[in-house]
(Lines of atoms letter the chains of each structure in order from A and count residues from 1; the text may use other names and numbers.)
(Lines give C-alpha, C1' and ligand atoms only; values in the text may rest on other atoms or scores of the structure.)
Protein backbone atom coordinates (compact mmCIF):
# COMPACT_ATOMS: atom_id res chain seq x y z
CA UNK A 1 0.00 0.00 0.00
CA UNK A 2 2.81 2.47 0.77
CA UNK A 3 4.22 1.82 -2.70
CA UNK A 4 0.87 2.60 -4.25
CA UNK A 5 0.65 5.82 -2.23
CA UNK A 6 4.12 7.00 -3.21
CA UNK A 7 3.43 6.31 -6.85
CA UNK A 8 0.21 8.19 -6.59
CA UNK A 9 1.85 11.20 -5.03
CA UNK A 10 4.36 11.86 -7.78
CA UNK A 11 2.02 10.89 -10.58
CA UNK A 12 1.70 14.38 -12.08
CA UNK A 13 4.36 14.73 -14.77
CA UNK A 14 2.80 17.68 -16.51
CA UNK A 15 0.04 20.20 -15.96
CA UNK A 16 -2.72 21.35 -18.24
CA UNK A 17 -3.40 25.07 -18.50
CA UNK A 18 -7.09 25.65 -19.11
CA UNK A 19 -6.91 29.34 -19.94
CA UNK A 20 -10.32 30.62 -21.02
CA UNK A 21 -11.41 27.26 -22.44
CA UNK A 22 -14.95 27.61 -21.07
CA UNK A 23 -15.35 30.69 -23.31
CA UNK A 24 -14.29 29.32 -26.71
CA UNK A 25 -15.91 32.23 -28.55
CA UNK A 26 -13.77 34.67 -26.54
CA UNK A 27 -10.48 32.90 -27.23
CA UNK A 28 -9.97 34.08 -30.80
CA UNK A 29 -10.61 37.71 -29.97
CA UNK A 30 -8.42 37.52 -26.88
CA UNK A 31 -5.68 35.93 -28.95
CA UNK A 32 -5.78 38.83 -31.42
CA UNK A 33 -5.83 41.46 -28.70
CA UNK A 34 -2.96 39.93 -26.75
CA UNK A 35 -0.82 39.31 -29.79
CA UNK A 36 -1.02 43.05 -30.49
CA UNK A 37 -0.42 43.86 -26.80
CA UNK A 38 2.64 41.61 -26.78
CA UNK A 39 4.17 43.11 -29.93
CA UNK A 40 3.55 46.70 -28.80
CA UNK A 41 5.00 45.87 -25.36
CA UNK A 42 8.17 44.45 -26.91
CA UNK A 43 8.52 47.40 -29.26
CA UNK A 44 7.78 50.10 -26.70
CA UNK A 45 10.18 48.74 -24.13
CA UNK A 46 12.86 47.94 -26.72
CA UNK A 47 12.75 51.56 -27.92
CA UNK A 48 13.25 52.80 -24.35
CA UNK A 49 16.15 50.41 -23.78
CA UNK A 50 17.85 51.52 -27.01
CA UNK A 51 17.28 55.26 -26.51
CA UNK A 52 18.53 55.34 -22.92
CA UNK A 53 21.50 53.08 -23.68
CA UNK A 54 22.65 55.20 -26.64
CA UNK A 55 21.87 58.70 -25.39
CA UNK A 56 24.63 59.85 -23.05
CA UNK A 57 22.58 62.75 -21.63
CA UNK A 58 20.02 60.28 -20.27
CA UNK A 59 22.56 58.41 -18.14
CA UNK A 60 21.11 59.82 -14.90
CA UNK A 61 19.26 57.87 -12.18
CA UNK A 62 15.73 58.70 -13.33
CA UNK A 63 16.30 57.24 -16.81
CA UNK A 64 18.56 54.41 -15.68
CA UNK A 65 15.76 53.28 -13.36
CA UNK A 66 13.43 53.45 -16.35
CA UNK A 67 15.90 51.35 -18.37
CA UNK A 68 15.80 48.68 -15.64
CA UNK A 69 12.01 48.84 -15.53
CA UNK A 70 11.84 48.26 -19.29
CA UNK A 71 14.21 45.30 -19.04
CA UNK A 72 11.96 43.84 -16.32
CA UNK A 73 8.81 44.49 -18.37
CA UNK A 74 10.20 42.93 -21.54
CA UNK A 75 11.34 39.87 -19.57
CA UNK A 76 8.03 39.63 -17.72
CA UNK A 77 6.16 39.70 -21.04
CA UNK A 78 8.45 37.15 -22.63
CA UNK A 79 7.88 34.77 -19.71
CA UNK A 80 4.11 34.98 -19.80
CA UNK A 81 2.82 36.13 -23.19
CA UNK A 82 4.04 33.47 -25.67
CA UNK A 83 2.73 30.73 -23.36
CA UNK A 84 -0.53 32.62 -22.96
CA UNK A 85 -0.95 32.96 -26.73
CA UNK A 86 -0.47 29.20 -27.03
CA UNK A 87 -3.06 28.66 -24.29
CA UNK A 88 -5.50 30.98 -26.08
CA UNK A 89 -5.03 29.28 -29.45
CA UNK A 90 -5.53 25.68 -28.29
CA UNK A 91 -8.20 23.80 -26.37
CA UNK A 92 -6.03 22.44 -23.57
CA UNK A 93 -2.36 23.22 -23.31
CA UNK A 94 -0.09 20.81 -21.52
CA UNK A 95 2.96 22.28 -19.82
CA UNK A 96 5.73 20.14 -18.35
CA UNK A 97 6.56 20.19 -14.66
CA UNK A 98 9.91 21.86 -15.38
CA UNK A 99 8.42 24.53 -17.67
CA UNK A 100 5.78 25.29 -15.07
CA UNK A 101 8.46 25.63 -12.40
CA UNK A 102 10.52 27.91 -14.68
CA UNK A 103 7.55 30.09 -15.55
CA UNK A 104 6.59 30.53 -11.90
CA UNK A 105 10.20 31.27 -10.98
CA UNK A 106 10.69 34.01 -13.56
CA UNK A 107 7.24 35.52 -13.00
CA UNK A 108 8.07 35.93 -9.33
CA UNK A 109 11.59 37.15 -10.08
CA UNK A 110 10.52 39.88 -12.48
CA UNK A 111 7.32 40.67 -10.56
CA UNK A 112 9.23 41.08 -7.30
CA UNK A 113 11.94 43.15 -8.98
CA UNK A 114 9.30 45.39 -10.51
CA UNK A 115 7.72 46.01 -7.10
CA UNK A 116 10.99 47.23 -5.64
CA UNK A 117 12.02 49.18 -8.75
CA UNK A 118 8.76 51.12 -8.78
CA UNK A 119 9.41 51.93 -5.13
CA UNK A 120 12.94 53.12 -5.88
CA UNK A 121 11.67 55.24 -8.78
CA UNK A 122 9.13 56.94 -6.55
CA UNK A 123 11.86 57.68 -3.99
CA UNK A 124 14.00 59.13 -6.80
CA UNK A 125 11.19 61.49 -7.89
CA UNK A 126 10.50 62.40 -4.27
CA UNK A 127 14.16 63.32 -3.72
CA UNK A 128 14.27 65.30 -6.97
CA UNK A 129 11.06 67.28 -6.42
CA UNK A 130 10.99 67.68 -2.64
CA UNK A 131 14.73 68.10 -2.01
CA UNK A 132 16.16 69.46 -5.25
CA UNK A 133 19.22 71.02 -3.62
CA UNK A 134 20.38 67.89 -1.81
CA UNK A 135 19.32 65.60 -4.66
CA UNK A 136 22.89 64.98 -5.95
CA UNK A 137 23.85 63.54 -2.55
CA UNK A 138 20.52 61.78 -1.88
CA UNK A 139 20.68 60.02 -5.24
CA UNK A 140 24.32 59.65 -6.18
CA UNK A 141 25.75 56.80 -8.23
CA UNK A 142 26.31 54.61 -5.16
CA UNK A 143 22.77 55.01 -3.85
CA UNK A 144 21.41 54.33 -7.32
CA UNK A 145 23.48 51.16 -7.72
CA UNK A 146 22.44 49.93 -4.28
CA UNK A 147 18.75 50.43 -5.02
CA UNK A 148 18.95 48.67 -8.38
CA UNK A 149 20.98 45.77 -6.96
CA UNK A 150 18.59 45.48 -4.03
CA UNK A 151 15.59 45.30 -6.39
CA UNK A 152 17.08 42.51 -8.52
CA UNK A 153 18.49 40.49 -5.61
CA UNK A 154 15.15 40.69 -3.78
CA UNK A 155 13.37 39.45 -6.89
CA UNK A 156 15.75 36.49 -7.12
CA UNK A 157 15.32 35.65 -3.43
CA UNK A 158 11.52 35.86 -3.51
CA UNK A 159 11.41 33.64 -6.60
CA UNK A 160 13.84 31.08 -5.21
CA UNK A 161 12.12 30.67 -1.84
CA UNK A 162 8.57 30.65 -3.16
CA UNK A 163 9.04 28.43 -6.20
CA UNK A 164 11.11 25.76 -4.46
CA UNK A 165 8.57 25.71 -1.64
CA UNK A 166 5.55 25.35 -3.94
CA UNK A 167 7.19 22.57 -5.94
CA UNK A 168 8.30 20.70 -2.83
CA UNK A 169 4.62 19.82 -2.29
CA UNK A 170 3.42 16.52 -3.74
CA UNK A 171 1.13 16.78 -6.77
CA UNK A 172 -0.99 13.67 -7.20
CA UNK A 173 -3.67 14.99 -9.54
CA UNK A 174 -5.88 16.53 -10.80
CA UNK A 175 -3.38 18.25 -13.04
CA UNK A 176 -5.57 20.96 -14.58
CA UNK A 177 -4.53 24.49 -13.69
CA UNK A 178 -7.55 26.72 -14.12
CA UNK A 179 -5.47 29.72 -15.17
CA UNK A 180 -3.53 31.23 -18.06
CA UNK A 181 -0.08 30.65 -16.58
CA UNK A 182 1.76 28.81 -13.80
CA UNK A 183 1.24 31.46 -11.16
CA UNK A 184 1.57 30.43 -7.54
CA UNK A 185 -2.10 30.61 -6.39
CA UNK A 186 -3.65 28.35 -9.08
CA UNK A 187 -0.77 25.84 -8.91
CA UNK A 188 -0.96 25.74 -5.11
CA UNK A 189 -4.59 24.65 -5.28
CA UNK A 190 -3.46 21.37 -6.88
CA UNK A 191 -0.98 20.46 -4.14
CA UNK A 192 -1.89 17.25 -2.27
CA UNK A 193 -0.70 18.50 1.10
CA UNK A 194 -1.53 20.94 3.83
CA UNK A 195 -0.36 24.28 2.47
CA UNK A 196 -1.46 26.34 5.47
CA UNK A 197 2.05 27.27 6.54
CA UNK A 198 2.96 28.29 3.02
CA UNK A 199 -0.15 30.45 2.83
CA UNK A 200 0.86 32.30 5.98
CA UNK A 201 4.29 32.84 4.45
CA UNK A 202 2.76 33.95 1.14
CA UNK A 203 0.47 36.37 2.93
CA UNK A 204 3.28 37.99 4.93
CA UNK A 205 5.52 37.89 1.88
CA UNK A 206 2.92 39.67 -0.20
CA UNK A 207 2.46 42.31 2.49
CA UNK A 208 6.22 42.93 2.54
CA UNK A 209 6.92 42.72 -1.18
CA UNK A 210 3.77 44.38 -2.46
CA UNK A 211 2.25 46.54 0.25
CA UNK A 212 5.42 48.05 1.74
CA UNK A 213 6.73 49.46 -1.55
CA UNK A 214 3.20 50.55 -2.41
CA UNK A 215 2.83 52.50 0.84
CA UNK A 216 6.26 54.08 0.34
CA UNK A 217 5.21 55.09 -3.16
CA UNK A 218 1.98 56.60 -1.86
CA UNK A 219 3.87 58.53 0.83
CA UNK A 220 6.40 59.76 -1.73
CA UNK A 221 3.65 60.98 -4.01
CA UNK A 222 1.71 62.65 -1.23
CA UNK A 223 4.88 64.59 -0.34
CA UNK A 224 5.44 65.34 -4.03
CA UNK A 225 1.88 66.64 -4.37
CA UNK A 226 2.36 69.00 -1.45
CA UNK A 227 5.62 70.20 -2.96
CA UNK A 228 3.87 70.75 -6.29
CA UNK A 229 1.03 72.71 -4.71
CA UNK A 230 3.60 75.13 -3.31
CA UNK A 231 5.05 75.78 -6.77
CA UNK A 232 4.59 79.31 -7.99
CA UNK A 233 4.08 78.66 -11.73
CA UNK A 234 0.87 77.04 -12.90
CA UNK A 235 2.45 75.32 -15.91
CA UNK A 236 5.19 73.75 -13.76
CA UNK A 237 2.51 72.60 -11.36
CA UNK A 238 0.41 71.07 -14.12
CA UNK A 239 3.38 69.29 -15.67
CA UNK A 240 4.57 67.82 -12.37
CA UNK A 241 1.01 66.91 -11.45
CA UNK A 242 0.35 65.06 -14.72
CA UNK A 243 3.63 63.16 -14.44
CA UNK A 244 2.80 62.03 -10.91
CA UNK A 245 -0.77 61.17 -11.84
CA UNK A 246 0.36 58.91 -14.67
CA UNK A 247 2.97 57.19 -12.51
CA UNK A 248 0.42 56.58 -9.79
CA UNK A 249 -2.01 55.15 -12.33
CA UNK A 250 0.44 52.50 -13.53
CA UNK A 251 1.59 51.75 -9.99
CA UNK A 252 -1.95 51.33 -8.68
CA UNK A 253 -2.90 49.08 -11.58
CA UNK A 254 0.11 46.84 -11.00
CA UNK A 255 0.00 46.69 -7.20
CA UNK A 256 -3.77 46.61 -6.91
CA UNK A 257 -4.33 43.59 -9.13
CA UNK A 258 -1.19 41.74 -7.99
CA UNK A 259 -1.95 42.11 -4.30
CA UNK A 260 -5.55 41.00 -4.77
CA UNK A 261 -4.25 37.83 -6.40
CA UNK A 262 -1.41 37.04 -4.03
CA UNK A 263 -2.91 38.12 -0.70
CA UNK A 264 -5.19 35.10 -0.70
CA UNK A 265 -3.44 32.24 -2.47
CA UNK A 266 -6.30 29.77 -2.04
CA UNK A 267 -9.26 31.03 -4.09
CA UNK A 268 -11.35 33.86 -2.63
CA UNK A 269 -12.18 35.08 -6.12
CA UNK A 270 -13.61 33.03 -8.95
CA UNK A 271 -10.96 31.61 -11.31
CA UNK A 272 -12.29 33.85 -14.09
CA UNK A 273 -11.85 36.99 -11.99
CA UNK A 274 -8.33 35.85 -11.13
CA UNK A 275 -7.50 35.37 -14.80
CA UNK A 276 -8.64 38.88 -15.63
CA UNK A 277 -6.70 40.38 -12.72
CA UNK A 278 -3.67 38.40 -13.81
CA UNK A 279 -4.00 39.88 -17.30
CA UNK A 280 -3.97 43.35 -15.75
CA UNK A 281 -0.56 43.11 -14.12
CA UNK A 282 1.09 40.63 -16.47
CA UNK A 283 0.19 42.28 -19.76
CA UNK A 284 -1.27 45.75 -19.21
CA UNK A 285 1.44 47.11 -16.92
CA UNK A 286 4.36 46.21 -19.23
CA UNK A 287 2.37 47.75 -22.10
CA UNK A 288 1.48 50.96 -20.25
CA UNK A 289 4.79 51.64 -18.51
CA UNK A 290 6.68 52.77 -21.62
CA UNK A 291 3.73 54.92 -22.67
CA UNK A 292 3.22 56.46 -19.26
CA UNK A 293 6.85 57.07 -18.41
CA UNK A 294 8.01 58.35 -21.79
CA UNK A 295 5.27 59.93 -23.87
CA UNK A 296 4.84 62.66 -21.28
CA UNK A 297 8.56 63.23 -21.16
CA UNK A 298 10.17 65.88 -23.32
CA UNK A 299 13.75 64.66 -22.85
CA UNK A 300 12.88 61.15 -24.03
CA UNK A 301 11.11 62.59 -27.06
CA UNK A 302 14.12 64.77 -27.84
CA UNK A 303 16.48 61.79 -27.59
CA UNK A 304 14.20 59.76 -29.84
CA UNK A 305 14.16 62.52 -32.48
CA UNK A 306 17.93 62.83 -32.23
CA UNK A 307 18.43 59.11 -32.85
CA UNK A 308 15.89 59.17 -35.65
CA UNK A 309 17.69 62.06 -37.36
CA UNK A 310 21.02 60.28 -36.94
CA UNK A 311 19.54 57.21 -38.64
CA UNK A 312 18.09 59.32 -41.47
CA UNK A 313 21.46 61.08 -41.91
CA UNK A 314 23.23 57.73 -42.20
CA UNK A 315 20.84 56.68 -44.93
CA UNK A 316 21.24 59.86 -46.96
CA UNK A 317 25.03 59.52 -47.18
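Every residue gets a Cβ built from N, Cα and C, even glycine.
Bear in mind that the values here come from a model prediction, so they are computed numbers and not experimental data.
Checked against TrEMBL, the range among 86-104, 124-142, 143-161 recorded as transmembrane segment is 143-161. Of the ranges 30-52, 64-85, 105-123, 200-228, 278-295, the one with the most Cβ pairs under 8 Å to the transmembrane segment (240-258) is 278-295.
Panel annotation: around the transmembrane segment (30-52), residues 20, 58-59, 63-64, 66-67, 70-71, 73-74, 77-78, 81-82, 84-85, 88-89, 279, 283-284, 286-287, 289-291, 293-294, 300, 303-304, 307 of the same chain, lying at least six beyond its termini, place a Cβ under 8 Å from a Cβ of the stretch. Scored on C-beta pairs under 8 angstroms, the neighbour of the transmembrane segment (200-228) with the top count among 105-123, 143-161, 278-295 is 105-123. Distant neighbours of the transmembrane segment (278-295): 34, 37-38, 40-41, 44-45, 47-48, 66, 69-70, 73-74, 76-77, 80-81, 84, 107, 111, 114, 179-181, 183, 246-247, 249-250, 253-254, 257-258, 261, 301; these residues of the same chain sit at least 6 beyond its ends, with a Cβ under 8 Å from one of its Cβ atoms.
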